[in-house]
């Protein structure tokens, strides 16, 4: 099972060094863990987890103020990227056109892409979730070999309100009809609900936000998944 930690706008270079030290001391070679860190916390050290980028601009380098490109990611050996997270779609206004440009650039370079999709509460309550997700995935090549799709219902992100196991199973089952890529769930995942989520047939892992920001909490979540699978 894959465990992806999205640290978002949390951790400094110093605090992440301590975070990484705790993970490295407790993870095993069998654990499939990735951590998406703030740019300032990138390091070139060997870890028992994979480092990933929360964002990038589809360029090697150039006149793109405030952005980071392939040249900077290459310096740290980073080749795993998040694309389409709802906070970048909703708060920062990333368009489908930009998301497609990011996807195409990442795919051209053979990067691992974690492509995030998810509906807001109004779409969910109107029963339009599946068609909404079909449209979002229609923007990319779902046959890309190094693709992972993360389903994150917007109404569950950072709210403490996770989708039910039945809801997650239904949506991941639907997404399986659209792609053969590994499927993840994200949205208020924690140590208390990971066991139930881990038992969902099409769930290949989780994209964890708040519950991953503390290294010990994240390790407890991983351990809880083993106990309850």
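Yeah, the Cβs are placed from backbone N, Cα and C, and that goes for glycine too.
What you are looking at is a predicted structure, and each value in this text was computed from that prediction instead of being measured.
The substrate binding site annotation in Swiss-Prot covers 6, 7, 8, 158, 188, and the record cites sequence analysis as its basis. Positions annotated as active site, electrophile by Swiss-Prot, on the basis of sequence analysis: 85. For 152, the entry in Swiss-Prot reads active site, proton acceptor, with the evidence type sequence analysis.
Scoring each of the recorded positions (8, 85) by how many neighbouring Cβ atoms lie within 10 Å, the top position goes to 85. The binding-site residues in question are 6, 188, and the one with the fewest Cβ neighbours inside 10 Å is 188. Residue 8 (substrate binding site) sits 15 Å from residue 152 (active site, proton acceptor), taking the CA atoms of both as reference points.
Counting only residues at least six positions away in the same chain, the Cβ atoms of 16, 35, 36, 37, 38, 41, 54, 212, 213 sit under 8 Å from the Cβ of residue 7 (substrate binding site). Around the residue listed as 'active site, proton acceptor', taking its Cβ as the centre, 25 other Cβ atoms fall within 10 Å, counting all chains.
Nearest neighbour of residue 85 (active site, electrophile) by Cα distance, taken over the recorded positions 152, 158, 188: 152. According to DSSP, residue 85 (active site, electrophile) is assigned to coil rather than to any helix or strand.
Take the CB of residue 158 (substrate binding site) and look out to 10 A: across all protein chains shown you find 13 other CB atoms.
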